[in-house]
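Residues or ranges marked as S-adenosyl-L-methionine binding site in TrEMBL: ARG11, GLY36, ASP109, LEU110, GLU136.
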Amino acid sequence: MLLSARGYFARVHGISELIKAFLRKTECHCQILNLGAGMDTTFWILKDQDLLPDKYFEVDFPLIVTRKVHSIRSRPHLSKPILELHSEDTLQGDGHMLDSKRYALIGADLRDLATLEEKLKKCNMNTQLPTLLVTECVLVYMTPEQSANLIKWAANSFETAMFISYEQVNMDDRFGQIMIENLRRRQCDLAGVEPCKSLESQRERFLSNGWETASAVNMMELYSRLPRAEVSRIEALEFLDELELLEQLMCHYCLCWATRGGSELGLTEITC
């Protein structure tokens, strides 16, 4: 549990830094598409930090979106921040969708790109705006062909864009194979593990599908770059003597980010 907590801290910190860097480069005149968002709360965090883009989109399966729509509508501390930015007193949508001026929650299957694009445009997605796409442990559950189609669709849809992906890496070694076997025993098959062989294969999936630059770092390396004060605070929460296991686990997850266009904004300078 503690190993996961430290890994999750690194994951949240790394993704947050990349998102904030994109928002600073674009001066928040952009949009964010969080694909496979689940119950993520980044929208509310960014609002509290006065770092909201022009519009923030979340997409997930309709069943998950239904639960999140209910949570938002029934909890004022979630609905009020959305309504404060909205021009009407009520939020538009139904059980599978919620739309407002600055936030949209959409129920869709990422493998059905035609329907996905239709629903995004219905909620006023602007293909002319600099666009940040985020996926966290999403592509690995799609077949390599399906994830390649999604990555290519994103590259073809926006002239200026950045894509952040967090998922497994180094899955060809013994530790990686054990991870796959353990997940399979829990009836959780990683259909898209093929591109997760190395940092290079993670970068190549973007470069071969329309993206101009791609970078990747494993989470152990990222963890070593984190502010020492924050690391000390997290590590002081509980003693851990299994440092070798922590390193093995963190070396099997990575952050990958790719850019297309945006040279005048300095998107290629973004790193974490």
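Cβ coordinates are placed from backbone N, Cα and C, and glycine is handled just like the others.
Remark: of the binding-site residues ASP109, GLU136, the most isolated position is ASP109 (fewest other Cβ atoms within 10 Å of its Cβ). Its Cβ taken as reference, LEU110 (S-adenosyl-L-methionine binding site) is surrounded by 22 other Cβ atoms within 10 Å in the chains shown.
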